[in-house]
Amino acid sequence: MIRSVVKGSGSGLPRRVVSNDELAKTVDTSDEWIRERTGIAQRYIAGEGETTATLATDAARAALADAGIDASAVDLIVLATATPDQTFPASATRVQQALGCRGGAAFDVAAVCSGFLYALATADSMLRTGMARCALVIGAETFSRILDWEDRATCVLFGDGAGALVLKAEDVPEDGPGVLATRLHADGAHGELLYVDGGPSTTGTVGKVRMQGREVFRHAVTNLAEVLEEVLVASGHSPADVDWVVPHQANRRILDATAKKLGLPIDKIVITVDRHANTSAASVPLAFDEAKRDGRLKPGDLVMLEAMGGGFTWGASLLRL
Ligand code: ACO
């Protein structure tokens, strides 16, 4: 059967690290409050010359090198972001140009923090139906540029970065590698709980992130538990079969609560929120790449990816490495 098989991963992080203590010099907050409520100790913040597309390009180059695949083989780039370099063209086309691979499809998808799951599902469908053979799936964000730095309830939570996976369509046996099952959801009724108060067609401005944190937290735990269960049922697996969960890194308490709800030990969950904070669409591929490079993710492992974000949108995907 034809499946989308992960061939490599890569990361792109800004040069500058900002600790909670450094943030507390300009924002009315403290290291203690941030760590206790979120598990975040630091975040990376993009500086001059660093944009969503440049970080995405760094991640894409690293992923191609990891896969041992030349950029010329890439015929699909799907880039998930809520913070594109420009309203158009899509940041995916900027990455395509930087990599020097022309002619294939390249576009952005917008599903905020679950954007990477939406991008992966899109690429997986195109690979399995023969519309593409080799895809770069990227999550990249510069959320620091849409944060209200006067709003301590949101600005301490986010960071910048990019992560990428290379996937290839391959003919594999039933028990072989590849994306096994994916489920995506959205519920626009909750749009006002997490949104940006601007945009090209409304205010003509970029806008800033607004969030009702407590409500988001409540929905996140319920929605994630449901979609994880759904993907397990669809793929004929139980939680005990899963070697690793690579979740969206919104905050440590959501990760703990999700693990508990599923009956999974916390040491099966890849956690990077302490160092990256919430990088929105970039957090899943960033965490995936870290765990792959440090040897936790190994060939044959069953890995669950999951995310929830503004919209609300949420999704999960089970893959075998
Ligand atoms: N530093 C110090 N104090 C703060 C800060 C801060 N950075 N932010 C808020 N406070 C204060 C508030 O003013 C409030 O003070 P008050 O009691 O005097 O009014 C108090 O802390 C409690 O505020 P809450 O917002 O109720 O704090 P809560 O315990 O809910 O924690 C948090 C806030 C961390 C945002 C939590 O709601 C949460 O984790 N929500 C999940 C949302 C999330 O992670 N969103 C990410 C994007 S969505 C996604 O990726 C899934």
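Quick reminder: no glycine exception, Cβ is built from N, Cα and C everywhere.
The helix, strand and coil residue counts that DSSP assigns across the domain 'Beta-ketoacyl-[acyl-carrier-protein] synthase III N-terminal' (107-188) are 26 helix, 34 strand, 22 coil. According to TrEMBL, the domain 'Beta-ketoacyl-[acyl-carrier-protein] synthase III N-terminal' annotation covers 107-188.
The active site annotation in TrEMBL covers Cys113 (among others).
Across the domain 'Beta-ketoacyl-[acyl-carrier-protein] synthase III C-terminal' (234-320), DSSP classifies residues as 37 helix, 22 strand, 28 coil. For 234-320, the entry in TrEMBL reads domain 'Beta-ketoacyl-[acyl-carrier-protein] synthase III C-terminal'.
Just so you know, the Cβ of His248 (active site) picks up 34 other Cβ atoms within 10 Å once every protein chain is counted. Taken from TrEMBL, the feature active site applies to His248 (among others).
Per-residue pLDDT, averaged across the region 'ACP-binding' (249-253), gives 94. Annotated region 'ACP-binding' per TrEMBL: 249-253, in sequence order.
The feature active site is assigned by TrEMBL to Asn278 (among others). If you draw a 10 Å sphere around the CB of Asn278 (active site), it holds 24 other CB atoms from the protein chains shown.
Taking Cβ-Cβ distances under 8 Å and a sequence gap of 6 or more within the same chain, the neighbours of Cys113 (active site) are His248, Ala250, Asn278, Ser280, Ala281, Ser283, Ala307, Met308, Gly309, Gly310, Thr313.
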